[in-house]
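Presented below is the structure to which this report refers.
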Amino acid sequence: MGCDRNCGLIAGAVIGAVLAVFGGILMPVGDMLIERTIKKEVVLEEGTIAYQNWVKTGTEVYRQFWIYDVQNPQEVVANSSKIKVKQRGPYTYRVRYLAKKNITHDPENHTVSFLQPNEAIFEPSLSAGTENDTWTVLNLAVAYNNTADGVYTVFSGKDNINQVAIIDTYKGKKNLSYWPSYCDMINGTDAASFPPFVEKTRVLRFFSSDICRSIYAVFAAEINLKGIPVYRFVLPSMAFASPLQNPDNHCFCTETVISNNCTSYGVLDIGRCKEGKPVYISLPHFLHSSPDIAEPIEGLNPNEDEHSTYLDVEPITGFTLRFAKRLQINILVKPAKKIEALKGLKRNYIVPILWLNETGTIGDEKAEMFRKRVTGKINLLGLVEITLLSVGVVMFVAFMISYCACRSKKVK
């Protein structure tokens, strides 16, 4: 009877040890299987999850505009007073609802080329007025309709998953021809996705044709988005800092008068890519801009929640599941003797014209599909691994303690 009991206890301990070992082995094996599956599914080729969502996004993307209505134009012209503005809006358009065009695969270079349509549909129910409001300074539909962005050529990731979605060329070139030195380089992806297995320490680099440059985002927080864990990456203030604050930005300062010898910050002169027009971009309400930029303008209320740019990236796949791109368009206005309205000005102004908020969030249906095909399977595998390991260790310890107790009683 004693032998049977001891044998049973030993058998239980052995079973527990086997379960614990199996659970321990399953961890690296499971991670390897997950990595192999993810590497297959994020490649930009027909039949993968990534390609299906890349050709035509399942996310509804909206671009909202707020117009700055100048309240005291005559006072400014006569006295060079501070410009008083009041934002009007939003005026909302649905964008990026069409599939990419002219998709061409190059199997030798492992690249994919495409055009990104920029058509827009006005959404009256999400807007504060109509497109014909009399104070609107430009026809926003014309600004974004009947045009296409590109041609983009990006790496498919077929031969190197660490390059998937990274831009090889834009309009056939690897550089922009707008900026000196490395500032002219086209870096990263288009921000719709990034190479998989994103870590918090990674700097996410991406190119935006809207601002005529490459830029980057850094990790800010972990967030749960519709049951999917994501990393939030934000555009840092250092991205638009002056060369004094961030020496890497020295080649984005291309003149010394308006920039006060490159000491002003928070705005970027993009005139070179706008046919020489005096266009400056910034974050809305001059968020993170130097005091001298915002000082001549009254009515601005910058805040991080409404005016910062962020990307919510699922770290395993590298897919951007939610984003908010905030941007302000400004015009340089300065004294001009030959222009009646400007000849009396005694100072330069960087005048805010409008700011935009382009947002997109993964839909409920897509989120459910993502949970089932990606995060759900990973969580289930993790649960099985932990359960086997935990149960095995508990069984082994419990049965070994019982066995030792029985042996001790027998000796006595």
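Each Cβ is built from the backbone N, Cα and C atoms, and glycine gets one as well.
The cysteine that TrEMBL pairs with C183 in a disulfide, picked from C212, C251, is C251. Here TrEMBL annotates a disulfide bond for C253; of C262, C273, the partner residue is C262.
Considering only the disulfide-bonded residues C183, C212, C251, C273, the Cβ with the fewest other Cβ atoms within 10 Å is that of C251. Each residue contributes its Cα atom, and for C212 (disulfide bond) and C183 (disulfide bond) those atoms are 10 Å apart. If you take the Cα of C251 (disulfide bond) and the Cα of C262 (disulfide bond), they are about 10 angstrom apart, rounded to a whole number. Annotated pair C262 (disulfide bond) and C183 (disulfide bond), C-alpha to C-alpha distance, rounded: 15 Å. Calculated from their C-alpha atoms, the gap between C183 (disulfide bond) and C273 (disulfide bond) amounts to 14 Å.
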